[in-house]
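Visitor: Before we start, here is the structure in question, set down as structure tokens.
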């Protein structure tokens with residue numbers, strides 16, 4: 001240290017710490033001259049001593065003016081060294097960098113100025129300190145003092161120039177530092193970072209594209225910045241990188257795809273749009289490379305299908321079609337289970353378009369990878385069943401398409417129908433709102449007879465009698481009205497002459513017995529008129545309630561539709577179809593006289609020609625009221641002809657036994673109704689009468705008509 005004091009005059013050292021800038025500046029010029037002389041002599045030991053003196057006694061001094069003088073002195077020493085400065089940089093640069101964090105803004109300003117002058121002298125040799133300098137500049141870019149920011153910007157521009165012309169810059173060492181800074185929220189720092197990314201990307205020898213995954217997420221973060229300028233700069237940088245990706249033969253799509261998927265769900269609209277733009281290009285460019293990322297990409301696309309912004313929806317639709325056109329195989333890392341999981345989750349989306357597209361994907365996977373999808377069936381089946389209650393008809397129809405595709409296998413078919421009945425049992429409103437749509441669609445997609453046989457088999461042993469009745473009534477109405485079941489109706493109409501029709505009639509009978517009106521409708525459709533009459537005659541007082549009359553009203557109106565045209569035509573020959581006439585008169589007797597249905601049926605029966613009646617055996621037999629009283633070797637058929645035991649299909653049906661079964665099931669329903677009524681009465685007695693609750697009155701003329709008809713007799 002004594003050598004340094006002997007080399008630098010005391011007056012120079014004194015002026016170097018003066019409060020006046022001019023004196024410090026003149027002292028620095030003196031230091032520059034001294035160092036230049038020592039460099040010419042090659043006395044680097046004394047130069048080191050001078051630098052050490054400036055560092056320890058000035059730049060690290062507690063006095064601000066000393067620190068300012070020390071910084072100016074170090075810059076002057078570097079200028080004096082000129083080409084030989086590089087060997088002393090290890091001494092010169094660290095104290096200057098340390099001064100960037102000084103509490104005094106003027107000291108920070110002089111540190112920027114000093115480093116600027118040092119950098120101008122050493123140029124490329126400066127690169128060894130690049131990471132430390134970059135870190136310091138990053139902090140100074142957000143400095144609270146405007147003059148410090150201005151000085152930092154000047155230094156930043158110089159450092160950029162040096163880096164772009166240097167062949168010593170290491171991008172590998174720089175990227176971790178950049179990645180660490182990319183999530184800073186300060187707008188000045190963000191501008192600083194984007195500026196550096198843009199500059200480095202412009203250097204041909206620096207492969208920024210290869211490191212794009214390291215800072216891509218940070219750039220996307222900036223797209224939602226409150227500053228328009230920052231958003232614009234980030235967007236410009238991203239656009240440039242996307243163009244480079246398009247022109248590059250090899251790109252790491254995978255790592256970037258993971259980032260884009262997350263950004264596609266950003267609450268910021270511009271960020272979502274940019275992410276979808278990138279994903280769209282990736283799917284087009286990456287192709288098979290993206291197979292392992294199908295599920296993640298699909299998870300980003302599906303929600304965007306319902307985005308409020310049309311551009312985003314457009315990119316999502318286009319990308320979705322591109323993704324669907326790439327046919328990956330499980331052995332190529334194509335994860336069927338993961339894609340199914342994404343589609344299943346999106347079925348809970350509040351947006352219809354997203355749910356629809358999720359179902360399209362499940363359908364696509366079933367077409368291409370049926371065996372793999374069926375392996376994951378337990379994971380998606382419950383969700384698909386719940387989707388049957390969706391508010392959108394289009395969603396429900398697509399779900400049914402998928403169910404029908406799955407149900408091509410017998411075990412899955414049974415499972416589907418069982419689950420369907422369970423859902424109807426749990427949620428009666430689903431049966432009311434969607435029952436007809438679901439059943440009709442399944443009958444259209446699958447074999448209608450197979451569907452009805454399976455449903456009948458399940459309902460035959462249904463423990464919930466009330467639900468069984470409701471379900472059978474719904475199925476019966478669909479059977480009588482839906483175009484999808486026209487073939488079944490044709491088959492049932494041939495029950496007397498066709499073994500297949502008879503077999504279907506028998507298969508439906510047991511479950512249809514849960515509803516008297518369903519059984520009567522089935523018999524009329526199958527032209528089993530004697531049995532229809534027998535069922536009507538078997539009804540007791542408890543069976544004739546409001547619900548029964550509502551169902552009867554529906555049947556009477558259906559008798560006037562084309563479905564029962566054959567029945568109405570048969571009334572032209574009452575002599576041949578006596579049991580039909582008696583069954584219809586039986587229904588008329590059950591209807592209240594003032595009801596519209598009574599008038600409709602009465603009007604129809606008035607048109608029956610009386611001249612065709614005869615006093616033959618069939619009329620006497622019909623009026624006897626027992627269609628099953630003859631059990632000899634011959635049987636009187638509906639058209640009045642004797643049928644010697646020649647294998648007629650009807651001979652195989654034991655109607656007496658079936659009638660007993662119907663009556664037994666109806667007794668169970670009556671017992672259930674009595675039990676429920678008793679429970680309600682007990683509950684009312686326990687809770688006591690409520691003064692505010694008015695006495696329940698008859699709700700319609702139908703009820704009063706029922707009362708009158710029961711007192712006065714029918715018709």
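Here the Cβ of each residue, glycine as well, is placed from N, Cα and C on the backbone.
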Visitor: Name the residue range among 624-647, 648-671 that TrEMBL annotates as region 'Disordered'.
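Guide: So the range that TrEMBL calls region 'Disordered' is 624-647.
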Visitor: Count up the helix, strand and coil residues in the compositional bias 'Polar residues' (675-684) according to DSSP, in that order.
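Guide: The composition, in the requested order, is 10 helix, 0 strand, 0 coil.
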Visitor: On the DSSP side of things, how many residues of the repeat 'HEAT' (92-127) fall into helix, strand and coil, could you say?
Guide: 33 helix, 0 strand, 3 coil
